[in-house]
Structures are given as C-alpha cells and as structure tokens.
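TrEMBL has this to say about the protein:
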type	residues	note
TRANSMEM	A:64-81	transmembrane segment
TRANSMEM	A:93-111	transmembrane segment
TRANSMEM	A:117-142	transmembrane segment
TRANSMEM	A:149-173	transmembrane segment
TRANSMEM	A:193-215	transmembrane segment
TRANSMEM	A:243-272	transmembrane segment
TRANSMEM	A:284-303	transmembrane segment
TRANSMEM	A:312-331	transmembrane segment
Amino acid sequence: MRSQRVRIICGYSVLTALLIVLVVLNICAGSADISPSRLWNAVRSPESDRVAYKIITELRLPRTAAAIILGGALAVSGFLLQNFFANPIAGPYILGISSGAKLMVALLMVFSLSRGFAVSSFGMIFAAFIGSMASMALILLISGKVRRMSVLIVCGVMIGYICSSITELVVNLSDDSNIVNLHNWSMGSFSGIGRGDVLTAAAVVFPACICAFLLSKPMNAYQLGESYAASSGVHIRAFRASLIILSSVLSACVTAFAGPVSFVGVAVPHIIKSFFRTAKPIRILPACFLGGAIFCLLCDLITRTLFAPTELSISTVTAVFGAPVVIYMLLGREGRSVNG
Amino acid sequence: MAEIILNTEKLSVGYGKRIILSGIDISAERGKILTLIGPNGAGKSTVLKTICRQLEPLGGAVYIGKNRLDELKVDTLAKSVSVLLTGRVKTEFMRCRDVVEMGRYPYTGKLGILSSDDRKKADEAMAIVGVAGLADCDFDSISDGQRQRVLLAGAICREPEILILDEPTTFLDIRYKLSLMTLLKRLVAEKNVAVIMSLHELELAQRVSDNILCIRENSPDRYGTPEEIFSGGYISRLYGVSESSFCEAYGSSELEKLEGKPEVFVIGGGGSGISVYRKLRRWGIPFTAGIIHENDIEYPVAAALAADVITERAFEPVSEANVRKAIEIMGSCRSVICAISHFGTMNDGCRRLLEEAKKLCILEKGET
C-alpha cells in the first residue's frame, strides 16, 4: 500500500518536472534561438524585446500548448480504448481511428478549398469525429466477429492503410496551392496551429478528459470483465458508449489539428502503467495525459531541431520511440500466453 | 420458516430467443444453501446468470424480496447480490488487493475511493478466504485456484444478502474445496446469507446443501433436500449412469463394472477388499466378490465393480448355501485373493472359503 503511494507521488513529481523542462526547451529551441534568460526578460517586459515576445507568443507558445493538449488527448484516448477492448495494444492510430478521421478532414478540406470557403476549427473537429466514429463502427463490427485481439489489431492497421491511401489520392488530386500545407498536415505535424486552434482544442479536450476521469470507477470494474462490471452495478451500454464517444472525440480533435500522430496512444499508457505498477484509472489517467504531453513535446522538439530548418513529420519521430514499445508489449504478451 | 429472499415463478431461461430451460420455480431462503446439479449443458449456469440479471428471462419472473428483478436499480441489485461466475478474467497491473476491493464497488462514491472501513472489510474478507498473503501479488500471475479464491473474497466483502456462485470449486484442490464449503456454511450461519450455487461434485452438494434443484434435459426435474435427492437411485438416472456406479450414501462414484467371466475370486468384507476391487478394475480383470454382507462398508464398491457379488443378508451369519455357491464359483476362477485377515462369528463361512482356496492351490500369495 505504502509503496504504491510512494510510486504515485514519485511518478507525478517526475512527470511534472519533465513537463516544465520540456516546455522551456520547446519555447527556447528553434531556428531563432531564445536563451532562457531572454525568454524570462521577454515575458517580464514585452516592450524590451518585441521580436522574442512575438516569436514566443505567436509561434512557440501555441505550438507547445498544442503538443501538450493534443499529446495528452491521444494518450487518454488510447487508455480508454485499451480499457474498452481489454487489450493493452489498442490505440486510436493502430486501430485506424485516426486515419478515418484524417480521411474525413482531408475530404472536407479539399471540398472547401475547391469551393472557396473556409471551415471553422469546430467544423474540422466535427468532420474528424464523423470519420473516427465511422472507423470505430467498422472496428466494433470486426471485434464482434474475431476472438483473437491480434487479428483485430491487424484489421485496424489495414483500415488505417486504406484510409491513408484514399487520403493521399484525394490530396494529390486537388490542384491547389494549399496542397503543400495539406500534405504536411496529412503526415502529421504540430506546426501551423494558431492560438485560436489551441483554444478550440482545449475547449474540446479538457472537458472530454474530465469526463473520462469521472468514468474511472466503472472503468476499473470493467477491467475485471464485462460481466463483473455488470454485476457490480455498471450500466454497461451507457458506459461502453461513453468510452467510444470520448475516445473518438479525443482522437478526432488531435487529427483535426495535427493530423495522424502514431503510437502515442499505445506507448504512453503502457509506460505509465508499468512505472506506476497499477492500471487503476483514477490513479493513472491524469498521468497518462501528462505522459502524452511530455512524449509529444519531446518528439516535436526533435522534429524541429534534428534537421533544422527542415521539419520532420511528427509521426516519424513518435514511431521511432513508440513502435519498439508496441513490439516489446506484443512479445511480452506472447511469452505470457505460452507460459500460462 | 426462514425468510425467502429470492424466488422465481415459472422462469424460462436461455440465450437470445432460444429457451433452454423452462418452468423453474425455486426459492432461496436466508441462511440456506441451494445447489443446482445436473449433467453438463443442462443449463445450470444459464439459470444463475438469469437470476443475477446477466441474462434476460425468457418467460416468468424473478423476485428479490418483494421486488421484481427487472425493476430493481442496478446499484441496489449490486448491493444485495454478489456473483462469482466461471470464466477466466485477464487483468493487467492489478494486485489481488485491488480485485478484492472492487467488491466494495456499490458502496463507494462517484470516483470509487475506498474509505478505511471499506479497506478493513476487504482485509477481513481476504483473511477469511485465506488469501491475505496474496494481497500484493499481481492477480494475473497467481494460479487459477488462487484467483478463484481472490474473486470469492471480493464477492464476500460486498456483504451481499444473496451469494450466487457458478461452480465455485473449479480449479480448487481438495483442501480448498473443503474450506470453501466450510466457509459457505459459516456465511449462511453467521451472516444469514442465502447461497445459490451450481456444483459438479455431488458428494459436496450432498453434504452442504439445504436444498437441491436437479436439472435434466431442459427442465427442472426434482427439487428437495439432499436426503430426498440422494435416494432410490435417482442420481444415477439423472446423470444417465448405471445405478451401481454411484453410491448414494457416500456420494462417491466408481468406474463402470467390467462384464465377463470372473477370473479372480476376492474374499472380502469390512472394507478390506475395496482397494483390491479397484486394483482389479484398473487392471481390467473381471472378478467375483464374496461373501459380503449387504450392510458391509465395502458392499457399494463391490456391487459397483464386481462382475458378480455373493451377498448375505445384514447381521446374519454367512449361510451354508452361500458358502457352497461361493466355492463353486471359486472353482472356475484362475486365482483367489483373500483380503481379510480376521474372521469372526458372522463371516465364519469365509474362513472355509480361504481353506478351500488353499486346498485348490489357487490362493494368491502376498495379498492377504
């Protein structure tokens, strides 16, 4: 009991410290280097260093905030899906839910560009939500038919591929000057997210995460199986529906602003669970959010600085870190199922 | 008359629209154990799942106290009914303590935070079931039997009025089977809980149940006390085995008997022959046993396994006619095994069988 408490306190302290360090690094590092002292001065008196202030508030801060909010949203979305499918390898990207959202957003963007009207960020989120729910419906349909979770995962990956290739096709067919932006977005990136977008994302992500947190009690019972949860007094249908909707909203929101971001949803909750040695949602759901934020901050930092001024796509970096974790988990699962 | 806490009226159960069992009228009383027995696939689990609302009734109704089951709120139901169903639960990063504490689910607040009282009850439940030592182990890394007991601790710490257990002895070794039965008896006596469970072990069902419902071929067949159920060869008919294979007095079962011309004659009595009969059955050798009194402790085993048994009426000395009959059969046997070392007034006739065997030089050495 005590060791668990110590672990949780330690875990949250480490996560908070990492978050602060990475926020400062993300604001300071970039094509125009801003030293921490210059950052401090600029924030204290904006008049003294207008250039730095402008870079910080208009570019770096929104991007950093986006990485935090969307990264956290992805990790929470993944955690919800893992509970839903009772499978630690489930996640919005692996199950093709992000890709479904991506396809819908791309269709909407291309359509709006060709007709010459702009779509609000809420409109984008809505389109992404429709797309992710469509993918989710397909996945649920498949999950009713297959017993082996690995088969479901493979189906999810295939759905992801199909959606991605259609997206590529749509993006390349549209002959607009915005195609470069669209292409960047469809590969996944935190660049070009403005302050307004960040606020919109926050307005969607935070309430959704709070709702998810409020579901920790039934989620915990659900970890012991559906019939156990039912006999404990969980309204199974409503509960399952809320899990699906919340995880879809969260991953849709991420996709609408940053495009598909791979593996965060699987890798982060797993790392957090292993470190905290518990899967109790009430204890680790906030940690998952923090972990996702940290993971995305780190990866975004790398995309911007590794080959500066060229930017990598975010998924390239998250995959480098996330995919090995997933492979490791798959191996661990296989090993365990052989033993018992 | 104990208070009836759960009863069903002409209940039909099944999956989807397919009814597999109908016309169930049972009533569970506080402080009593009701056991469901019957062949595999008869629908015991389906009944249990229906009375705890995991399945919809396909006809009739279930009442808990005065309320219809389908009108009860989920948390009221969760507080009064604890369920332990079969089926492997796979968890991840969950300690046994977490699993047991989940038993307090209906009593905790919106976020499921446990009070110190809840923790105390979880600890007590673990101690009662004997899994306190496992508290900090990962639930996924312990054995099936231990898992079963941890889940039982969770079911108990919910402090239900009704405890529903679907084959709770699965995975348990003999020690924990017995301690589970003792524990159930204690729960019904001390906490006045009504227990409804299904069991495969007939001998346990016979010993712990207050009432037994027998389910056979899609309908409840018989309902009564163990004394009523375990009589008149009913159990053998229920399971479709030959009547002698199941001993109603002990609730034990033997292999089907080997038919054929007896090769060995066993002189038995007083229980000494049991191991010999079982050994011969294992080796596949048909044999005749004699001369066994009808009230002899080993009579059920001999009757179940021997191709032929020469019996004597209870409390009577072995008769001359029986001795002659035995000697005649002995003459056609390859060998004789004498399982008894002591002869008294009542089985003095058997001493003559031994002498006869010695005379015929077919007595097995080392078996006496």
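Backbone N, Cα and C atoms are what each Cβ position is placed from, and that goes for glycine too.
Heads up, TrEMBL stuff is auto-annotated, nobody curated it.
The transmembrane segment (A:64-81) makes no contact with the transmembrane segment (A:312-331): fewer than 3 of their CB pairs lie within 8 A, with pairs spaced 6 or more apart in sequence.
With Cβ pairs under 8 Å as the measure, the transmembrane segment (A:312-331) is packed most heavily against A:243-272, out of A:93-111, A:149-173, A:243-272, A:284-303. When Cβ-Cβ distances under 8 Å to the transmembrane segment (A:193-215) are tallied for each of A:93-111, A:117-142, A:149-173, A:243-272, A:284-303, the top count falls to A:243-272. Taking Cβ pairs closer than 8 Å, the transmembrane segment (A:284-303) reaches residues 11-12, 15-16, 18-19, 22-23, 25-26, 29, 63-64, 67-76, 78-79, 189-190, 209, 212-213, 216, 261, 264-265, 267-269, 271-273, 276, 278, 311-314, 316-318, 321-322 in its own chain, all 6 or more past its ends. For the transmembrane segment (A:117-142), same-chain residues at least 6 beyond its ends with a Cβ under 8 Å from one of its own Cβ atoms are 92, 95-105, 107-109, 152, 155-156, 159, 163, 196-197, 200-201, 204, 244, 248-249, 251-253, 255-257. Counting only same-chain residues 6+ beyond the ends of the transmembrane segment (A:149-173), those with a CB under 8 A from a CB of the stretch are 85, 87, 89-90, 93-100, 102-103, 106-107, 110, 131, 135, 138-139, 142-143, 179, 182-183, 186, 260, 330.
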